[in-house]
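Feature annotations, reproduced from TrEMBL:
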TRANSMEM  24-48  transmembrane segment
TRANSMEM  92-113  transmembrane segment
TRANSMEM  125-149  transmembrane segment
TRANSMEM  223-246  transmembrane segment
TRANSMEM  276-293  transmembrane segment
TRANSMEM  313-333  transmembrane segment
TRANSMEM  340-358  transmembrane segment
TRANSMEM  364-386  transmembrane segment
TRANSMEM  407-430  transmembrane segment
TRANSMEM  450-474  transmembrane segment
Amino acid sequence: TPGSVLTPVPGQEGRERLSVCSKLCYAVGGAPYQITGCAIGFFLQIYLLDVAQLDPFSASIILFVGRAWDAVTDPMVGFLISKTPWTPLGRLMPWIIFSTPFAVISYFLIWFVPDISRGQMMWYLVFYCIFQTLVTCFHVPYSALTMFISTEQSERDSATAYRMTVEVLGTVLGTAIQGQIVGTVITPCIESPLFVAEINSSVAMEELNMTRDTGSLSDTRNAYMIAAGVIGGLYILCAVILSVGVREKRESSELRSDKPVSFFQGLKLVMNHGPYIKLIAGFLFTSLAFMLLEGNFALFCTYTLGFRNAFQNILLAIMLSATVTIPFWQWFLTRFGKKTAVYVGISSAIPFLIMVVLLDSNLIITYIVAVAAGISVAAAFLLPWSMLPDVIDDFKLQHPDSRGHEAIFFSFYVFFTKFTSGVSLGISTLSLDFAGYQTRGCSQPSKVNITLKMLVSAVPVGLILVGLLLFKLYPIDEEKRRKNKKALQDLR
């Protein structure tokens, strides 16, 4: 039936096959997190600085605290899910269903400029944190759902590939909707005098405030709200498709010897599991590299490269490239192994990140770099979610009497990634403040351009190299995966 996840294949007793329809319904559930996350990741910083007209320090506080709070909510929600009893809808699905409408409302309010003279920073901080909490209530149970749709490792890997394709397509939609709607309106900029970086910043800001074109800025603000409304509608549609088309199977994650273990006992066991810590450490640095690139790329294209009216199309090129190469990386990891895919896929971005800052500003070169970066982004998207189930299977073999820890594995991976990205984005926005960033300036001081080059090239390249070195320690190769699979089948 359409509502059933598992479709038996005649003649293959004991094996669970997921229908294409079930995989697609499951995959669609990953889109809301990516659509909203991509729109926020690429556009929130430039929106706060140039549209909401906050100073860089206030923007850095919002970005850091919002991301840090987002990180904290992941283990909190993971804990609450572990205490949630099974219902007719499952243990995970009620979280997804009930969080959706409130998440959409708070998302819209992030992109609304309140008509208040004071307290704008608190407005954005509060609604950003509320939205991050609610989207976590959607995404943590959705991520853990991977372990509840099939006992077959190959079927989970296949469903993950479907999911990653849709999620990267979600990033395309987020970039396209936000970028193309906002891109139809040119945000007014201010020609700053050459000496503006040298004089007192508060005096400079007062002079700039007097020259602002409020009419054009109002159009830009309306465009951001329209984009938020469209994205909110897609969020609701995807949540409906997921809840109607997927039914979580309690028995899919349980072994015959399962006995309940408390959350904190489980957390201690999970954090002492070597392969999990090594996997997190490697992806922590590589994910951080791409998040820094994401957070600063719009500013880099606008000011350093001078493509103010083309940056949304460059961002779209990155995401389209990532979407079309997800199936290639899924084939690559099944053919050559997941560790090899990590080294080849993620390292492929390095030469292009170096090229974009060393060569003179050139739109064609920038598009080539965007496409190449997208290929690497696809690998960075797919691999963590494809490798986490392998770590969980390895954990189950070492702790056969322990169960129900899937949400802990997924939520703490997301926790570490988000917390470090919050720190890095806060520091990167602060560094722009120290370099003399001018809100809504048509151009920026040379120190700002140098800082942006560091944030989208030198620092991400260094983080990628550290992450790849850490992956040398990750112990689960293809032979180990095959052994774990056979041992788990014997346990069930």
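Even glycines carry a Cβ here, placed using N, Cα and C.
Just so it is clear, the model here is predicted, and its values are computed rather than measured.
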Field: Within-chain partners of the transmembrane segment (313-333) [C-beta distance under 8 Å, separation at least 6 from its ends]
entry: 38, 42, 161, 164-165, 168-169, 171-172, 174-176, 179-180, 183, 297-298, 301, 307, 340-341, 344-345, 366-367, 370-375, 377-379, 381-383, 386
Statement: The recorded stretch from 24-48, 125-149, 276-293, 407-430, 450-474 sharing the largest number of CB pairs under 8 A with the transmembrane segment (340-358) is 450-474
Task: Please give the sequence-distant neighbours of the transmembrane segment (407-430): residues at least 6 beyond its ends with Cβ less than 8 Å from one of its Cβ atoms.
output: 45, 56-57, 59-61, 63-68, 70-72, 74-75, 77-78, 81-82, 139-141, 143-144, 146, 263, 266-267, 270-271, 276, 279-280, 283-284, 287-288, 291-292, 295-296, 384, 388, 391-392, 395, 455
- line: Tertiary contacts of the transmembrane segment (276-293), defined by C-beta under 8 angstroms and 6+ residue spacing from its ends, are 41, 270, 342, 346, 353, 373, 377, 380, 383-384, 387-388, 391, 395, 409, 412-413, 416-417, 420-421, 424-425, 428, 455-456, 459-461, 463-464, 466-468, 470-471, 473-475
